[in-house]
Amino acid sequence: MNVSHPAVHPVGVPPALGGHAVPPRMRMRVRMEYLVFQGMPLPGTLGGLVLRLGQFCSALIAFSVMLSVRDFSVTAFCYLVAATVLQCLWSLAMAVIDVYALLVKRSLRNPLLVSIFVVGDGVTATLTFAAACASAGVIVLIGNDIAMCKDNPCANYEAAIIMAFLSWFMVSISFILTFWLLATL
C-alpha cells in the first residue's frame, strides 16, 4: 500500500529587532494605519464633518429645488425626492455624530460603529445614485426625445439632478474611505 507520509518542517522564528519581536501582521497593520489616518476625511474628524455637511447641503438643495416645482408626478422625480430626504437625514445624523466626537475628542474607530457607517453610506449612495440616474433619464426623454421642456421646468429638474449627483459623489467618497478604515481595524 503506497501512502504518502507528511513531513513536518519546523517554522523558524524571525530574529528580534532591538530585543522586541514584531510579528509581520502587526508591521503590516502599522503601515496600513499610517496610510489611512493621515488627513483623510474619516468619521470623527474635521474633514469627515466637512464631507458630511457637503452631502447634507447638496441633498437639501436638490430636495428644495424639487419642492419648488409645482408638479413632479413622474415616478423617477418622486424617487429623487425620497432619496434626497433619506440622504439629508443620514448625512445630518452623521454630521451630529462627527461634531460630538470632535467636541469630546473621542475616536469613532470601533469596528461595529464603522461597519454601521459603511452600510449606511453604501445604502444611501446607491439610492441617491439610482434616483439621480432615473431622473436624468426622464429629463433626457422630456428634453431631447419628445421636446416638452416648454411645458416643464427642465432647468429646475436638471439643477436638482446635478445636486443629487454631487451628493452621491460626496457620500461615495465617504463610503470608500470608511470601508478602507473598516479593513484596517
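Placed from the backbone N, Cα and C atoms, the Cβ positions cover glycine too.
Owing to the predicted nature of the structure, the values given are computational and were not obtained by experimental measurement.
Features of the protein shown, as given by Swiss-Prot:
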type	residues	note
TOPO_DOM	1-45	topological domain 'Cytoplasmic'
TOPO_DOM	67-76	topological domain 'Extracellular'
TOPO_DOM	98-121	topological domain 'Cytoplasmic'
TOPO_DOM	143-160	topological domain 'Extracellular'
TOPO_DOM	182-185	topological domain 'Cytoplasmic'
TRANSMEM	46-66	transmembrane segment
TRANSMEM	77-97	transmembrane segment
TRANSMEM	122-142	transmembrane segment
TRANSMEM	161-181	transmembrane segment
Problem - Counts by DSSP class (helix H/G/I, strand E/B, coil) across the topological domain 'Extracellular' (143-160) - result: 10 helix, 0 strand, 8 coil
Handout entry: Residues from the same chain, set at least six apart from the ends of the topological domain 'Cytoplasmic' (98-121), whose C-beta lies under 8 A from its own
Key = 42-46, 48-49, 52, 90, 171, 174-175, 178-179, 181-182, 185
Fill in the blank from the handout: Reduced to three DSSP states, the topological domain 'Cytoplasmic' (98-121) has 18 helix, 0 strand, 6 coil
Handout entry: Remote residues contacting the topological domain 'Extracellular' (143-160) - C-beta distance under 8 A, at least 6 residues beyond either end
Key = 61-63, 65-66, 68-69, 72, 77, 80, 84, 135
